[in-house]
Each structure stands twice: as structure tokens, then as C-alpha cells.
Amino acid sequence: MGECGVPPQVQLFLRACEQGDCENARRLLGLPGGGSADPPSPSSCGAEETAAEPRGEAAAPPAPAVPVDCTDEAGNTGLQFAAAGGHEQLVRFLLRKGASVQSRNHYGWSPLMQAARFGHLSVAHILLENGADLNAQNKLGASVLTMASRGGHVSMVKLLLESGAFVDNYDHFNSSVLSSSRDDLPDITPLMAAAQHGHEAVVHLLLDWGADSNYTVKTVGWSPLMLAAVSGKVSLAQQLMEKGANPDHLNVLHKTPFEISVGFKNKDMKDYLESLTTIRPQADMEKRQPDVFHALKLGNFQLVKEIVEEDPSQVNISNVDGASPLMMAAVAGQLPLTQLLVEKHADIDRQDSVHGWTALMQATYHGNKEVVKYLLNQGADVNLRAKNGYTAFDLIMLLNDPDTELVRLLASACMQVDKDKNKLNSRASLPCSRSRQSLNVQMLPDDKGGLKSWWSRMSNRFRKLKLTQTLRHGFAPTHLVPFPDHPDPALSSTIRPSPPSDTDS
């Protein structure tokens, strides 16, 4: 076997097809007339098959024949190689010998796509005459016409359109297609491919044939005008605008063609689109404010630090669920982030607007002991109650398998608060101007009479506790409770360009 499991004879045959070597292709197919030592000529493929002339010496035994539709490791046939190379006579020969005009490689490319991509007009004519599928699409949804448009081959585009190719990769007169979901429509149209790569003549031709100037990519929301903005060619944008392109269209990142031209530093395009665009959300703000909540979810300490240092008010903002950044850090168990936010004066006892949970409650519920210790030592109020009446200590006692150390930690804190309250009550006549102090919690051993007696007093209370609307069981440890995580869509902002190729003059 040869490289990648392809037999040597097959490799030789495919190489002959790639190079347009008719004589060797005939020989490797096991056909007579392929044993001459003379240099191959293009016309030899069209010659009638005759027995090889004897040359005085015994001819070498013929090599084993290879199938005409044998493939390489990527599924490419000899006809595909010949079509891609523009070898007209070899294409005719292979078709006469039974090569499949509809063959596809592993990426869904057909021989006609290969010819269209490289602008081989005569080969395309031959393939169409032999029944090639004019509107075939590869596995990425690109059609034969898209291939020709991507390469900027005006004559090829014209041939395909005149032969009946769909200008937008789908039949505009097919009501079932028009009424179907967006999933059935192509990812990119020929017009978009031509606009992206700056082929003005192809864009003009496609628009004359009725191409949709406002078609958008279903996954990222890009339009032909946006792709023209990437190319930087103002004449392309002008053609699209004359055909009704919408300069205010927003992609999934809420960017207009104008903003895209700014991002790609295409000054002429920016100047042209600026006066046509009425909504410029990004341009008005220059740069969108970094999202502190997204930075927290990533656990990116440096980014959070940069955000809160640039805008200290960010430490106490709320998301849609009423959660603060400190609550999010407590949920994730990120002690350094928690410390940073507290140092930046985050409200340690703030309660969310939906359920009334605090950062201490979140850290407790998620079993983040180090964060709980830190918050208690910073003076977090252990007696604050959520909207259902529960404290942080109540929450941990409602868990199926509470952490013993965490239980004792919170119990010690609650005992300390009770003692402080008793002292304050005994000094009611004294002025009280002292601000809230940290508890500096110390763990109390079980054999201390104070903890045991306190626990006895609390036991009756826990018998009466009932789970209500706040607690949610069955969440993974990384989920935010009661703030569900909504992952950001993985979005692509552009279409990857294909390798450059020659274009028609």
C-alpha cells in the first residue's frame, strides 16, 4: 500500500490525471495503446483503442488495471483532478470510460465544482453536457455557482446562470423552500462570496440576475454589504446600495456594516457608509463597557480588577436576577475575587432583588468554606434573612449532607452574635456609636457547654423549617443558585476566506 493507504497504482493514476497525462492514465486503466515510449500528446486520449504495436522485444507484462473511479484518501477521483486542472481531453476520455460525473469527495465537492472554482469553462461545458448537477452543494452548503463567484470567474458565472443555476443557491419559485425554516437555506450565497473577495464584475452580474442584496447568514447574521465592508471596495457597496441593501442591518454582535468597516480600518468605506447609517450603537460608545459578570464567570482576576479599577461603581451593579458581582464570586468559590471586591467596597450584606439571598448565603449553600470564613471575618451579617425567612445557617441545615466544618463555623458565628447581643442589651444605657465589627470567627469544639446548649435551643427551630421557593436542588456545583447561568453564544463574526486563486481578466 502507498501513502495513507492508497495503492501505488492508484496514486500513479491520480497523479497522471492531475497532470493531464492521457497516455499514462490509459495505461494504468489497463487499456491498450498506453505502452508507447513516445512523449504523450493531448490528442492521444481521443484516439480509438487499438492493440499496441510490437517493438521487436517482448513487451513487459501490463500492470494491474485500476478502477476509473478510484479515489485518494480524501475521496477525490481522477475526473475531479482532471477537471480541477482544466484537462479537457482527459476529462472527455475519462467520461467515455465510465467515470462518474456526479462523484463527490469527502467534503462534498463534485467535478463540476472543481472546474468552476478554477474557471475552466470548456471543462464545465463538457461536464454539463454529460449531466453534471448544476445546483449541487458541498457539505458546507456552497454551490457550483458559489465556487465560480468566489474565484471571480465572470464567464463561468454567466454560463452557470444561463444554464439554470439558482442565483441564491435555492429556487425562488419553490414555495416549500420559501416557507421552510432557515435551517434549510444556504449559509452563504454566490453574491456574498463575490462581495467578500471584492469581485465587482461578478457582483454586478449576480445583482442583474436578481440576487438578494439583503440575504443574511443564518448563524452570524452577516449580509452582503457587511462582506463588502470587509473588502473595503466602495464600488461594491455602491452596487449593493443601488439594489436596496440595508445599511442599518445588525449582525448577531449588533454591528452594522459601518462599524465593521471601522473595525477593518477601511477609511473610504467608513466615510461612504457613515452618512447612510442611522444606528451606530458601537460607534457612539467607541468601545462597549467590559462585562464584569462575564469576567467573573471566567474567573479572570486580572480582567475583574481592571474593570473595577476603571469604574469602581461596577462592584455594586446588578444583573437581571438582582445579583451583585460579590454574590457571583461567592457562588464560584473564588476567594481572591471575593477579597478584591470587598476591598473595593462591595456591599457585603447586599441582598438580591429576587430571593433576598446574600453573598454569605450563596457561599454557604455551595459549600465554599474559605469564602464563608472570609465574609464572616469581614463582618457579614449571619442573621440576615432571605425573603422566605431563612438565614445562612438555616440554608446549610436544609442540605441533604451538610459539611460538618461549615455547620460548626456558622454555629460559632451565630453564638458569637448572640453573645454580642446580650452584652449590648446589658449596656443599653451606654451610647452606641461603634460601627459593625468583624466577628473574627473561632471554631468552638463540641465539648464546650456553650455550643451544646445553643444547639439545643436551635433544634426546635429546625424541626419547623420547610423548603419553600428559594432552594433549588439537583443543580451542578457550577450553576448559580438562584441565578441560572445563561451561556453566551459561540459566535463567529466573519466568514473564513478561501485560498486565493487566479481570476478572469
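Cβ coordinates come from backbone N, Cα and C, glycine included.
Nobody curates TrEMBL annotations by hand; they come from automatic prediction.
According to TrEMBL, the region 'Disordered' annotation covers 31-64 (among others).
For 74-106 (among others), the entry in TrEMBL reads repeat 'ANK'. Across the repeat 'ANK' (74-106), DSSP classifies residues as 17 helix, 1 strand, 15 coil.
Counting only same-chain residues 6+ beyond the ends of the repeat 'ANK' (107-139), those with a CB under 8 A from a CB of the stretch are 74-77, 79-80, 82-88, 91-92, 95, 101, 145, 147-148, 150-151, 153, 155-156, 159-160, 163-166, 169, 186, 501-504. Residues annotated as repeat 'ANK' in TrEMBL: 107-139 (among others).
Here the repeat 'ANK' (140-172) has a mean pLDDT of 93 out of 100. According to TrEMBL, the repeat 'ANK' annotation covers 140-172 (among others).
Secondary structure of the repeat 'ANK' (186-218) per DSSP, as helix, strand and coil residue counts: 16 helix, 0 strand, 17 coil. For 186-218 (among others), the entry in TrEMBL reads repeat 'ANK'.
Residues annotated as repeat 'ANK' in TrEMBL: 220-252 (among others).
Residues or ranges marked as repeat 'ANK' in TrEMBL: 321-353 (among others).
Summarising the annotation, TrEMBL assigns repeat 'ANK' to 355-387 (among others).
Marked as region 'Disordered' by TrEMBL: 478-505 (among others).
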Same-chain residues near the repeat 'ANK' (74-106), Cβ under 8 Å, at least 6 residues beyond its ends: 13-14, 16-22, 25-26, 29, 31, 42-43, 45-46, 68, 112, 114-115, 117-118, 120, 122-123, 126-127, 130-133, 136, 138
Intrachain neighbours beyond the repeat 'ANK' (321-353), with Cβ under 8 angstroms and 6 or more residues off its ends: 292-293, 296-297, 299, 301, 304-305, 308-309, 312, 314-315, 359-360, 362-363, 366, 368, 370-371, 374-375, 378-381, 384, 386, 478, 480-484
Counts of helix, strand and coil residues, the repeat 'ANK' (220-252), according to DSSP: 17 helix, 0 strand, 16 coil
